[in-house]
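K.L.:
This is the structure, below, for whatever I ask next.
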Amino acid sequence: MAQIRRASQTSEEKQSSEGELIEAAPLPTPLPKTQLAILLLVQMPEQLTASVIYPFVNQLVRSTGITGGDERKTGYYAGLIESLYYAVEAVTILQWGRVSDRIGRKPVILVGLFGVTLSMVSFGFSNRFWMIILSRCAQGALNGNIGVVKSTMTEIADASNVAQAFAWLPLAWGTGYTLGFLIGGVLSDPAAKWPNTVGHYPLFHQHPYFLPCIVAASVSTFSWLITLVFFKEPMRSTASKSGSVSHSDNTKKSPVRAATIHYKPADTQIDTLPHTLDEAEIASPVSCSLESTRTDFRAILIPGVIIPVLHYGLLCFVDQCMLVLIPLMYSTSRSLGGLGFSSNTIGLVMSVWSMFNGMIQVCMFPRLLRKFGPKRLYIMSFAFFLITFSTFPLIGYMAKRKMEAGMWLIICVQFVAYVVAYIPYSCIILYINNGAPSKDLLGATNGLAQMLGSVMRAVGPTVVSSLFALSLEKNLLGGTAVYWIMCTIVMVILGFSTYLPKTLTWASL
């Protein structure tokens, strides 16, 4: 009988604990859809204005005369244009965030959108190399809204729905890239494409790349108007404004669910554990104490943070090299191992890839993550960069011999492999958040990753475009040395990826 009573008591205790767990896990509060949609609209022009030049940047460089008529030197100058944007952005992005902490998010967002609009118009009118450089630098300096938008999204959400809010960001990025590639490819040099209509206007003869730039600037202007009229400055908590949080014995607790996620090589198990957050913490889930964050910044310099952040930087480097090589190789004449594509064809091809990539990432990543776990998925998908780089020589070989069907088949294989090679971004974001020593240091951890990513994106174009030009000038490995160097770098990074942890325990905000 005593055993029966004890079993009954144990059963009652379990039911009670389960009831407490249900109470501690309320449904997510609804997101402010209008404000979230505006923030996504603000974010989209950043990717659009950054990518709109890729389909025609190599033709633009040649038209300035800076190469002296030597097509092989194009890579040096195109890489500089592409690198300076990210280099300047890396220097200014944190400063824009600090200014927004003082004067508010909305003014900084408006200034950023207005500055991007002016710099894109300036870029469209540029027909000298130094003018192109200045316009691109101005665009990078004024295009720091990505950090401000992330902060604002945190402020309009709470601990129960902040992850849901951030899940929409890739949609804005993908839409921006797709539109940028499409606009840059289709609308470049319109006087030559439509001589009977647009060709009547001298402006488009003198500035053949003004039209895609002004269209991109118009999107930024539209976002500026919507933000000015409809966006509401988020109300930040007193704790956030004062820079500190006061904890007392009478602090009220609000029950919120936290998840411990154990990733295994073959499957993923999610165990739900109760967790309580202070009201002040819910109001500012990413960072409750600016002073504490500054004081404890050295706490993120640990292997659990440094290793995934370094992987993020290396991933940005390799991805940016691929993104630069595609239009550079595709626009190079076939006699030099390229494809001789027009900016129109390049833009269409890259926009199709971007649309396909966005849909696959949203639909397939969760399933693949559950099946393989983050480490195996990261390594397997990153290895597909070997296919993307090694197919360049084969594509050039087929183009030289006018094997059009085979050439397009390999191009399709290359872009499918590039879609798979994009999956590591989602994996490494999990590792970065998992590595943060505490919730209060999530902002600093992600800020470190964002800065390193921008630096590596600045280095990548200069390095790979210079290697491309050098391979052609010196005829290294038949002009294909750059591709095999990139394959070697990918293999080295794959070896370094073995240091990533096999399991993750990540507490949801």
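A Cβ is built for glycine as well, from the same backbone N, Cα and C atoms used for every other residue.
Per TrEMBL, the features are:
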- 1-10: compositional bias 'Polar residues' (COMPBIAS)
- 1-24: region 'Disordered' (REGION)
- 35-505: domain 'Major facilitator superfamily (MFS) profile' (DOMAIN)
- 108-126: transmembrane segment (TRANSMEM)
- 209-231: transmembrane segment (TRANSMEM)
- 300-326: transmembrane segment (TRANSMEM)
- 346-365: transmembrane segment (TRANSMEM)
- 377-399: transmembrane segment (TRANSMEM)
- 405-432: transmembrane segment (TRANSMEM)
- 444-469: transmembrane segment (TRANSMEM)
- 481-500: transmembrane segment (TRANSMEM)
K.L.:
Can you name the far-off residues of the same chain, 6+ from the ends of the transmembrane segment (481-500), with a Cβ under 8 Å from a Cβ of it?
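P.N.:
Cβ under 8 Å, 6 or more out: 307-308, 310-311, 314-315, 318, 321-322, 325, 374-375, 378-379, 382-383, 385-386, 389-390, 392-393, 431, 464, 467-468, 470-471.
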K.L.:
Looking only at residues six or more beyond either end of the transmembrane segment (444-469), which have a C-beta under 8 A from one in the stretch?
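P.N.:
For the transmembrane segment (444-469), the far contacts come to 72-76, 78-87, 89-90, 93-94, 97, 146-147, 150, 287, 293, 297, 300, 305, 308-310, 312-314, 316-321, 324-325, 328-329, 432-433, 435-436, 481-482, 485-486.
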K.L.:
Within the domain 'Major facilitator superfamily (MFS) profile' (35-505), what mean pLDDT does the predicted structure show?
P.N.:
80
